[in-house]
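Working notes, beginning with the structure itself.
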């Protein structure tokens with residue numbers, strides 16, 4: 001199976017240690033990669049592609065969101081593909097960056113009455129799918145992406161994040 005070269009950076013926030021985040025992220029994304037290869041026939045390069053995960057706070061992600069998306073507010077996760085990829089096409093050697101905000105993640109998890117780690121898992125899967133060109137702007141795209149998220153999370157032993165909950169509007173690219 002294709003492994004990922006995951007680079008972790010904890011910038012701000014009350015996150016677990018980098019070692020804990022590395023272990024959790026590796027487990028989550030290995031399952032996600034295996035799913036995409038088996039179920040979506042997603043090709044991967046022979047050499048492990050690099051992925052940057054940045055764990056930060058609401059203030060930092062708000063600034064990034066304002067600069068890159070013209071939305072001056074914090075969000076839970078942002079994804080920045082290194083190269084444009086559409087689902088099913090070969091990604092480059094660098095997948096891109098996923099940035100997660102601690103306070104927003106913590107607040108949303110509490111609102112949904114879900115464990116912090118479970119919501120973090122969902123956000124990492126969500127952000128990772130964005131790096132492969134999946135999106136949720138149009139209803140049909142959102143339905144496809146949410147279906148993939150639900151199936152991947154099921155492989156990780158987690159319930160459907162959209163089942164009984166209203167869709168979180170802040171899940172953004």
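First residue shown is number 1, and so on along the chain.
A Cβ is built for glycine as well, from the same backbone N, Cα and C atoms used for every other residue.
What you are looking at is a predicted structure, and each value in this text was computed from that prediction instead of being measured.
Taken from Swiss-Prot, the feature Zn(2+) binding site covers 126, 130, 136.
Take the CB of residue 136 (Zn(2+) binding site) and look out to 10 A: across all protein chains shown you find 20 other CB atoms. For the binding-site residues 126, 130, the largest tally of other C-beta atoms within 10 A is found at 126.
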